[in-house]
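J.: The structure's right below; bear with me while I get my questions together.
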Amino acid sequence: MQLLLIHSDFIEYEVKKSTPVAEKIEDAVRSGRMEEALTAFAAVEKPDESNPQYVIEKGLEAIIKVAEQVKTTRVMLYPYAHLSANLSSPKMAVEVLKGLEAALKGKGFEVARAPFGWYKAFTIKCKGHPLSELSRTIRPEGVEAVSVTPAVAAEKPEVVSEAVKAEEKLKSYFYILDVDGQLKDPKTFDYKGHDKLKAFVDYEMAKKRAVDREPPHVELMRRLELADYEPGSDPGNMRWYPKGRAMKNMLEQFVLSEAAKKGAMEVETPIMYDMEHPTLKKYLDRFPARQYTVIADKKNLFLRFAACFGQFLMNHDMTISYRNLPLKMIELTRYSFRKEQRGELVGLRRLRAFTMPDMHTLCTDMDGAIKEFGDQYEMCINTLDTIGIDIKTDYEVAIRFTKDFYNNNTPFIQSLVKRAGKPVIVEMWEERFFYFVLKFEFNYIDSLNKASALSTVQIDVENAERYDINYVDQNGNRQRPIILHCSPSGAIERCIYGLLEKEAMESEKGAVPMLPVWLSPTQVRIVTISEKHVPFAEALADRMCNVRVDIDDREETVGKKIRDAGKEWIPYVVTIGDAEMNGDKIPVVVRAESQQNKPAKVEMTVEELVERIHKETACLPYRPLPVVRSLAKRPKFVGSI
């Protein structure tokens, strides 16, 4: 059982609506108020079912002890499922809460119990003294105790690497590195014309990652039927609808293709590894991430948070010559897992399960690594630009390094800033704790001024030795390579987040939002005026080879059909009536050329429309329409019909 104990001036509640597991109640308990009370928010858990009487007795002891400390004889028992992710059955929860209520009354306490299984509005006024907010965990004998903080779900103690702990304590210094090559104090830097850089600097220095309100992309990802929360899973694990899956697939194929052009070989490796593997155990403590853990056959396993493990173990077993270097391998992880803090999770911005293109490059020495770093920096800029995220306006650059590396490679770091064409934030460490000496990230700044890392490259000086990775040089001697870690785009989900946030901000400025044509789930929508025009529309769609076309053949007004196409950000909308059936050209509303409330209509042939779309999407991945072509036959994934 989890208890959150609040000494309150008052607590009051009002029942609103029953859930499927609601207990039957009398009218008298549909609302309640208690003053000068100890409010006990309680969640009965699965392990409690093994010995409920023990849990009642120990819960009684815990509540009485706190009540005596705060000098009250009034207790409000309030069922609060949000304290745990491992709840008991509803029947057991009611049994334990009723047992606890009776036990408290038997000890002379004035007790009220809010009903179980009902949605309730409640108001509480906490007294605010040192003992006014306490938490307690009750476990049956033989069950391992797990402590929780107030209002946080009870979980097994999370596995936190030494790198995470160090990151929380590590001292570093922030500067602005300008295009003139000078390091400047971020507190006195003139941010005129660099509003997003200022927002990023504030975000970095405050280190506040928790979410206080929902960003616009959350509503958009649902309205566009791309993705949604999955209540049946752990927070930060999403469901993807057909349109979103198609977008993800094309982004994945694009990034893999760009890596292949640079000589990267695609591999696939396991998603879980042994925590006691001597090499992996050391690496866990050098990587700043929190892990999911799995117990199987008495083994403690962790779910990977990157593809490093599998690729490095593969590198260890390979025979590598200096002639093979630089050697690149890439894996598109579906998925990588990081147990991000619950308060930081929101939409597609920060997830616990995500799709990450993860490329590693083995280089002969530091000079070779620096050259590759510069090449991959350029690759990342170009990758995001094609996706639709521009270095000039959409993201800010962070470069992080040790002081020694900066002093030895200042001109190279300055060249990165010049390529960005704008000042960047740099973070300098006095000494190296992590496995890398240099890294950059491209950080997208959203409408709430939160930053999220996209592309990144790191120079790794530890893991070749840790994993015993070698290559044979010209003299036949074994040497350790320098390793680059690169994600050309960052997490695929974050790319979609960035596109949606960008268009939300553009819309606020009066622009017409749209996705890049190559990523739009539907590229052309054909709107029929009446049922008799449907066969012609179908024939028209058949002529549009390698274009994603759907047909709005619903029994709706033409106006509604066109408005709905606008809400879905369809790049090209064609309306078909009698005139179009008898003519050579069709009227096409071109979204990219339109203004709000002022659509741009262009007359063109079907062949001209197809040619235009093929030019806009040339050399980019193509997927067929991911949903049923007929809107009349298409199910809705979000909302009601």
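Including glycine, each Cβ sits where the backbone N, Cα and C put it.
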J.: Swiss-Prot records HIS360, HIS485 as Zn(2+)-binding residues. Which of CYS308, CYS380, CYS495 is assigned to the same site?
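T.: Zn(2+) site check in Swiss-Prot: besides HIS360, HIS485, the record includes CYS308 out of CYS308, CYS380, CYS495.
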J.: Within 8 Å of the Cβ centroid of the Zn(2+) site residues CYS308, HIS360, HIS485, which other residues of the same chain have their Cβ?
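T.: So the additional residues around the site are ALA306, ALA307, GLN311, PHE312, ASP358, MET359, GLN458, ASP460, ASN463, ILE483, LEU484, CYS486.
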J.: Other than its own, how many Cβ atoms are within 10 Å of the Cβ belonging to HIS360 (Zn(2+) binding site)?
T.: 25
J.: Restricting to the region 'Editing domain' (1-154), what is the model's mean pLDDT?
T.: 87
